[in-house]
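Report on the structure given below.
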Amino acid sequence: MAAPKVAVVGAGVIGLSTALCIVETCPSSSVTVLSAQFSPNTTSDVAAGMLIPHTYPGTPIHVQKQWFKETFTYLFAISNSAEASEAGIHLVSGWQVFKSTPKEELPFWSDVVLGFRPMSKAELQKFPQHQFGQAFTTLKCDCPPYLLWLEKRLKATGVQMHNRKVADLWELHREYDIVVNCTGIGAHQLVGDKKLFPVRGQVLQVHAPWVKNFIRDGDGLTYIYPGIHRVTLGGTREKESWSLSPDPSTTKDIFDRCCSLEASLQEAQDIKVKVGLRPSRQCVRLQREVLSQGGVKLPVVHNYGHGAGGFSVHRGTAKEAARLVVECIAALQGSSSRAKL
């Protein structure tokens, strides 16, 4: 069989990292990324890119931990390299604070991040409304630079990138041997996934270079995440809202909530508002499927539905998707050798 042709549909963090893992795992394959939007116009460009896992109720915890660990290890290596600045990856220390002590004082990921410990009484004095807290160091991806860095890596390996809206995966069956669906919220329409729903997120990006530590309320709604150039303030989690228009009252609410955690933010300058739709479902859809029409078969690998946790597990799920592509290639090679017999 000639070099298998693989199309990856979608160019957010999941699509680009999946394409990269496929190239690394199957160097003989020919990979093309197809997407209606590339950075800076993807949902991933709005994400804060903090490595603090979101829990998927429908996925075993040991699997989620493995995805997170693989992602953390991969990005930690980049953060320790000369490419850290270009890739927009850096370590950031801070606090996760709770109004009451959570049921799980040790989250499943506590031994993957660095230096995880309960906050001292003295530290908690900074947050008088909160009773309990955790301090740790994790990684942050500044999203547009990281996506551009991934694109550059892909182009260097010969991967083609085409601006193309795919309306139906089947339309690719004449050009490609395998299709990988990384379309995020687009999968709602593209493959009719009714288990997938948007969770609207509105965030602010501000100039406040003195803010060096992250602060996250344990409910996950209010957070302050310092990046290399700007600080991300959040946020919202609005289920089933498809609106991409910024809401001024929400902007004020986010700003006020963040200022209550870090009063110095009242001096923040140059506030930009961003909105994205997190592709949410009970569990990430990571599986093989074979589409067939009139005796013609098209192997498909799905990797979407990461919700609020895409950056935290993107490399782990990309590696898993690449492994599924290897299985598809083996099946195709098996059927082509049987055909010769």
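Backbone N, Cα and C atoms are what each Cβ position is placed from, and that goes for glycine too.
These numbers come from a predicted model, not from an experiment.
Less than 8 angstroms from the CB of Thr43 (FAD binding site) sit Gly12, Gly184, Ile185, Gly276, Leu277, Arg278, Pro279, each of them six or more residues away in the same chain. According to TrEMBL, the FAD binding site annotation covers Thr43, Ser44, Val166, Thr183.
Positions annotated as D-dopa binding site by TrEMBL: Tyr223, Arg278. Arg278 (D-dopa binding site) is surrounded by 24 other CB atoms, counting those within 10 A of its CB over all protein chains shown.
Marked as domain 'FAD dependent oxidoreductase' by TrEMBL: 5-324.
The list of residues near the signal peptide (1-19) in space but at least 6 beyond its ends in sequence, with Cβ under 8 angstroms from a Cβ of it, reads 26, 28-35, 37-39, 42-44, 47, 141, 143, 146-147, 150-151, 154, 159, 161, 166, 169, 172, 175-184, 186, 190, 303-304, 306, 310-311, 314-315, 317-318, 321-322, 325, 329, 332-333, 336. Residues or ranges marked as signal peptide by TrEMBL: 1-19.
Residue annotation for FAD gives Thr43, Ser44, Val166, Thr183. The furthest Cα pair among them is separated by 19 Å. Of the recorded residues, Ser44 (FAD binding site) and Tyr223 (D-dopa binding site) place their C-alpha atoms 18 Å from one another. Residue environment of Ser44 (FAD binding site) contains 30 other Cβ atoms, counted within 10 Å of its Cβ in all protein chains.
Sequence-distant neighbours of Tyr223 (D-dopa binding site) (same chain, six or more apart, CB under 8 Å from its CB) are Ala48, Met50, Phe214, Ile215, Arg216, Asp217, Thr232, Leu233, Gly234, Gly235, Cys258, listed in sequence order.
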